[in-house]
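Undergrad: I have a structure here, written as structure tokens, and I will follow up with some questions on it.
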Ligand code: NAP
């Protein structure tokens, strides 16, 4: 196998190829200077020499320098060129790098591949990091040859079709968290809404009504009352699209009708939404843990103690408050534990070790239990505040009452769906039954002969 270039990628590629048992010839413009960088088993020579000796050549050179290889056109004729290059921007050029290479060397067969693998992954082997090598070419035979090389190197070749896919393959390493964009914007949007709402209630209201400066609450208290709201609502948004999908299936009486695009997208982003919910819940736990460390908290404690002493109050134990806090913290810890379990099992390496039933039990059943326990956590936090008119700052209800809306809707819907009459119908629909679809049936007649007819499968 030949490698043109002696940079980071070429070096890692040569090491991996040598380790996988290939005879490697590296083509460099300055072989003497670069030879020491390669394993001794690899031959480092001039570009033309390397090309002459090999049939499959990896072009580990940037696109901008492809034209400098044109002198090699004659020796390259009839060989397979593997384009491993990446761009610096998505859709940077009109044509993909591989198509450009093919246009410069029409007598060669060009295969796009290995660009999604970093030099580091190549060196450390296919044990860590990405294992998939996306390959495309207009020549099936050449594609198969490169796929075989990838397989021997320990990677998983993925056939991406013909050369027109090269652009898409080249864009993959440049995309920044494509599946996370919508969930992140959703989380940020919710955070901003709840943060503003809490800021009005906790900082702006006391300032306007009582001229009290509560700005110190912004970095920790306001953030810490916002984070659980986001975590809780995001968790309910993981289960809401499932409820909407079930409603649609019940309404239309079929599972074969396509969901609207927005619902499809939402269903596909549930994992990311769930992980962001876990992230916010974990931050909330850390923030809550740090609340007693604040100076403001200590001053308030001393202030209360002094007041009680002056009022000669000895027993300040409020049984109901004690119980409320014990239960509130306990269910909070359980909810966080369940969320951690959901997050861990959504990792591909763990998810792959579970069968479908185990995965669905954890993600669906335990996830729903986590939502119910989070609701208990929220209710024990809010307790009777919803019925206390002092809690309605500027007529705004306590934040926790707002957060309960979506999760309670989801829980209620799930309870309704678990009623035997609805559950049975949903189950039948999900096994292929359709409303109003007529099926042929055959019945024995009174005379013992069989007569055929049609009836609705509803019957
Ligand atoms: P690099 O370290 O800069 O190496 C590029 C090599 O190209 C040089 O060492 C040079 O070798 C050779 N070259 C040939 N003609 C040249 C010319 N006219 N001017 C300058 N250099 C010339 O780059 P790299 O990181 O190895 O990347 C090489 C290719 O692999 C790029 O297309 C890149 O997109 C792709 N890639 C890299 C990675 C990665 O992790 N680094 C991952 C995926 C894809 P000689 O001096 O010996 O001729």
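Sequential numbering from 1, following the chain as shown.
Yeah, the Cβs are placed from backbone N, Cα and C, and that goes for glycine too.
A TrEMBL annotation is a machine prediction, not a hand-curated record.
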Undergrad: If you check TrEMBL, which stretch out of 147-169, 400-422 is marked transmembrane segment?
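TA: It is 400-422 that TrEMBL describes as transmembrane segment.
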Undergrad: Report, as numbers and ranges, every residue of the chain located at least six residues beyond the transmembrane segment (273-294) whose Cβ falls under 8 Å of a Cβ in that stretch; write 'none' if there are none.
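TA: Counting only partners 6 or more residues beyond its ends, the transmembrane segment (273-294) has Cβ contacts under 8 Å with 183-184, 186-187, 191, 220-221, 223-224, 227-228, 230-232, 234-235, 237-238, 332, 335-336, 339-340, 342-343, 346, 367.
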Undergrad: Considering only Cβ pairs under 8 Å, which range in 230-252, 327-347, 359-380 makes the most contacts with the transmembrane segment (400-422)?
TA: 230-252
